[in-house]
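Structure record follows, encoded as structure tokens.
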Amino acid sequence: MTKPQGIAVLGATGSVGCNTLDVVARHPERYRVVALTAHRQLDKLFEQARRFCPDYLVVADADAAARLRARLAEAGLRSEVLHGADALVQVAALPEVDAVMASIVGAAGLPSALAAARAGKRILLANKESLVVAGRLFMDAVRASGSALLPVDSEHSAIFQSLPADYAGNPDGAGVRKIILTASGGPFRNRPAADLAHVTPDEACRHPNWSMGRKISVDSATLMNKGLEVIEARWLFNVPPSRIEVAVHPQSVIHSMVQYRDGSVMAQLGSPDMRTPIACALAWPERIDAGVEPMDFFSLSDLTFEKPDLERFPCLQLAFDALEMGGDAPAVLNAANEVAVAAFLAGRLRFVDIPRVVAASLSGVSCAASDSLEGLLARDEEARRFAEGGVAAC
């Protein structure tokens, strides 16, 4: 019998992490959970530990680790508890780990994802910031180690499935004309521009189609999420920005498309359920049950497409601008956006000021290219400080 794959789920208590464990639980003969990590949600992590009995658990700090150890001991569970950023890097590169679900939100997920790449792991990439912040560095590590990189974002999974199996980062050789990323348009697609100044965090977090965490829900509402996905697609598929297009598709049935030179368009369709791309990445090239109901085509409404409104939602254009600027501009964009979104969720910044803080940061922070992880993290910190000043000035 084939030995089960060892899985580390980084960001286990978030939306993607929970969905990953839902899929894994359906296939105990295929997967063994080696490590689970969480930032704040200790209760949820404890329940996951009871169910999956991982070898390692990682939490943010020593206090959280001590509290978790006490609960595990009381329950008779033997998972080893580690803490801190170095522990995330450690479990991502463990010899007994075959695949790493990289689903920590934001730039905080970069060091552990990069460690998995350097260790030659099969990387299930949900942390798009790894490529936004460190695209060249990350892809160089993947190539050097022979790591397998499989996208988990529904759009990039759709592109991956719509490209030839031997694509190998060669769009011209594969006859690719362009990549078309679809976007739902978010909860404010039809909201008058004048009303956007009064948007509340709770409104921004109510996505019309997908169930997601609060940060990514706000990014979806501003279209920054789609902008980050454009940058991610550039690195994943080695396609220049001029050959990446965004189409607003409110029904979220077509998850993305590839247009070929001969006029053909290949698309991947499915219900808006993250378990589908997660299962695809976990088992590729095989297909496994994800617990997702089959799509009923006869119950679908019309499938419609619109151009994105870049005046009302300038974050998407800012992402294209950062790609064109090159260097560390995408890292600056991401850092400033994380600061601005956190301020918005905390009630310190208006929704319409998020792109203003990001634009000011792109203009005010040096975007000269860094050639190391340490340099990129220093640029990230510089951009965060600048953006905090921008938030205070709004």
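Every residue gets a Cβ built from N, Cα and C, even glycine.
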Residue among HIS198, HIS207 sharing the 1-deoxy-D-xylulose 5-phosphate site, where Swiss-Prot lists LYS128, SER154, GLU155, SER184, SER220, ASN225, LYS226, GLU229 as binders: HIS207
NADPH binding, same site as THR13, GLY14, SER15, VAL16, ARG40, GLN41, ASN127, GLU129 - Swiss-Prot member from GLY185, GLY186, GLY213: GLY213
Candidate with the highest Cβ count within 10 Å, taken from the binding-site residues ASP153, GLU155, GLU229: GLU229
The one of THR13, SER15, ASN127 whose CB sees the fewest other CB atoms within 10 Å, among these binding-site residues: SER15
Recorded NADPH binding residues, THR13, GLY14, SER15, VAL16, ARG40, GLN41, ASN127, GLU129, GLY213 - maximal Cα separation rounded to whole Å: 22
Neighbour tally for ASN225 (1-deoxy-D-xylulose 5-phosphate binding site), based on other Cβ positions within 10 Å of its Cβ: 26
